[in-house]
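Let me begin by presenting the structure, written as structure tokens, before commenting on it.
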Ligand SMILES: NC(=O)c1ccc[n+]([C@@H]2O[C@H](COP(=O)([O-])OP(=O)(O)OC[C@H]3O[C@@H](n4cnc5c(N)ncnc54)[C@H](O)[C@@H]3O)[C@@H](O)[C@H]2O)c1
Ligand SMILES: O=c1ccn([C@@H]2O[C@H](COP(=O)(O)OP(=O)(O)O[C@H]3O[C@H](CO)[C@@H](O)[C@H](O)[C@H]3O)[C@@H](O)[C@H]2O)c(=O)[nH]1
């Protein structure tokens, strides 16, 4: 594997993971960020985000001298053969990705890039961005490569070190292969494409996964109406290898810093190119409906209205294992409840401050313990699938609550235990179970039995 001198611009979830993992792979890495306080923290080995295994990797990189943090992009690129852009590309307000930070940084560093440096977009950027960057930099010696990142928050280090694939796309095959070479220590396929294909692979992958989840959440809505169980349905669907069993878990809608903005951005790209792509708008619309449905379940559980009632929220982050609250479905549901006049008390293992929901709305009062959150609550709502919630003593929770209904929007809790403790459990895509009901459909997806049928040899 060729060792490279690497600069990483932006030390957030992607940049910090990229920098620390590339240092682990043996490269000399300098990370530059505009946030001086963050640079100072990182230089001391303090990692400001919750990401499993990252503090250890940062400490290792600092100790080996292969990982350094500096203030600013220009300071980071001195001596670098490869410059990764890991900068924010948020929703610009109309669904299109806002590339202002990317373009500003490219203009800032362009004149100072080393001779023959390779400039790499790891940020998720629309089709044509590599071409635009090439035009801005105006350096025939500098190649631009698109190298989208597919890591998931919470498992970022593991995903980076064990990727399903590495994608590199460029006009310059040599530059693309040089970037791919930085990952030679990893055993995974390397996909070398044009820049346009690489840029689109990223959006298509995210939007496809979001579409899969919207589909499942709509199946869950149907299951509720017909008395079926979405866990059983997705178990049966997922055994078809063409469908696959991953990303079939129904819930309160999907969120996070990527799926919502990237699905909208791909829809905008399609629109801008005159390509009808109705699935993308439907994917986002179905997600809004999934969040509406969970809010409505809570209203119904509260007797038809949550106005003036205390509602306990277990989970605020967009999924378990992360402290990221960006576009969290939990907060989307919270916003709907706040609009209906609910008083919200939340607990989340990764959140330690009261949260403003949206401008003009009251905050979620955040407490340090799930039982404390349940105190005096009319309804208890599970919004994030933190495994800790499955360990809470539901008898104690029931004793301190004012109500007796749990809306388990992640189908996380042991339904039989909850019902045994006196709760009525309203799940997503499964029948509601009340005390006194027969055991009901308490199986989780993973526990369902597979019945092997002998014989069936057809010779086909
Ligand atoms: N978060 C993910 O799971 C993930 C996964 C794959 C791809 N992506 C994409 O990667 C990109 C980065 O996402 P993220 O979640 O790491 O963002 P982030 O907000 O966590 O990090 C961005 C970093 O860039 C820094 N920054 C902002 N302006 C700067 C400037 N002018 N110069 C230097 N640094 C600057 C910020 O201070 C911050 O530390 C986005 O395009 C995103 O879509 C994210
Ligand atoms: O079966 C499932 C799987 C996920 N989710 C939800 O879907 C959202 C997104 O989850 P996940 O994909 O794990 O989160 P991210 O860390 O945002 O990762 C996505 O977005 C990243 C940024 O682009 C990509 O790199 C990853 O490949 C892509 O999975 C979350 O709200 C999850 O709760 C479900 O509801 N059911």
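Just so it is clear, glycine is given a Cβ too, placed from its N, Cα and C backbone atoms.
Computed from a predicted structure; not experimentally measured.
Here is what TrEMBL says about this protein:
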BINDING   33, 38, 89, 124, 153, 261, 326  NAD(+) binding site
BINDING   150, 151, 152, 153, 202, 247, 248, 249, 250, 251, 255, 319  substrate binding site
ACT_SITE  258  active site, nucleophile
DOMAIN    312-415  domain 'UDP-glucose/GDP-mannose dehydrogenase C-terminal'
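Structure coloured by features recorded in TrEMBL.
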residue: 38; record: NAD(+) binding site; CB count, 10 Å: 20
residue: 150; record: substrate binding site; CB count, 10 Å: 17
residue: 153; record: NAD(+) binding site; CB count, 10 Å: 24
residue: 202; record: substrate binding site; CB count, 10 Å: 26
residue: 248; record: substrate binding site; CB count, 10 Å: 20
residue: 250; record: substrate binding site; CB count, 10 Å: 27
residue: 255; record: substrate binding site; CB count, 10 Å: 24
residue: 258; record: active site, nucleophile; CB count, 10 Å: 27
residue: 261; record: NAD(+) binding site; CB count, 10 Å: 23
residue: 326; record: NAD(+) binding site; CB count, 10 Å: 17
* **Fewest other Cβ within 10 angstroms of its own Cβ, chosen from the binding-site residues 89, 124, 152** => 152
* Asked: What Cα-Cα separation, expressed in whole Å, is found between residue 150 (substrate binding site) and residue 38 (NAD(+) binding site)?
  -> 24
* Asked: Which residues does residue 33 (NAD(+) binding site) neighbour through Cβ under 8 Å, counting only same-chain ones at least six apart?
  -> 9, 10, 11, 15, 39, 42, 69, 71, 72
* Structure fact -> recorded positions near residue 326 (NAD(+) binding site): from 152, 250, 258, Cα within 10 Å gives 258
* Pairwise Cα distance maximum in Å, substrate-binding residues per record: 150, 151, 152, 153, 202, 247, 248, 249, 250, 251, 255, 319 -> 24
* Taking Cα atoms as reference points, which of the recorded positions 202, 255, 258 is nearest to residue 89 (NAD(+) binding site)? -> 258
* Structure fact -> The correct three-state DSSP answer for residue 261 (NAD(+) binding site) is helix
* DSSP-assigned states of the domain 'UDP-glucose/GDP-mannose dehydrogenase C-terminal' (312-415) in counts, ordered helix, strand, coil -> 29 helix, 24 strand, 51 coil
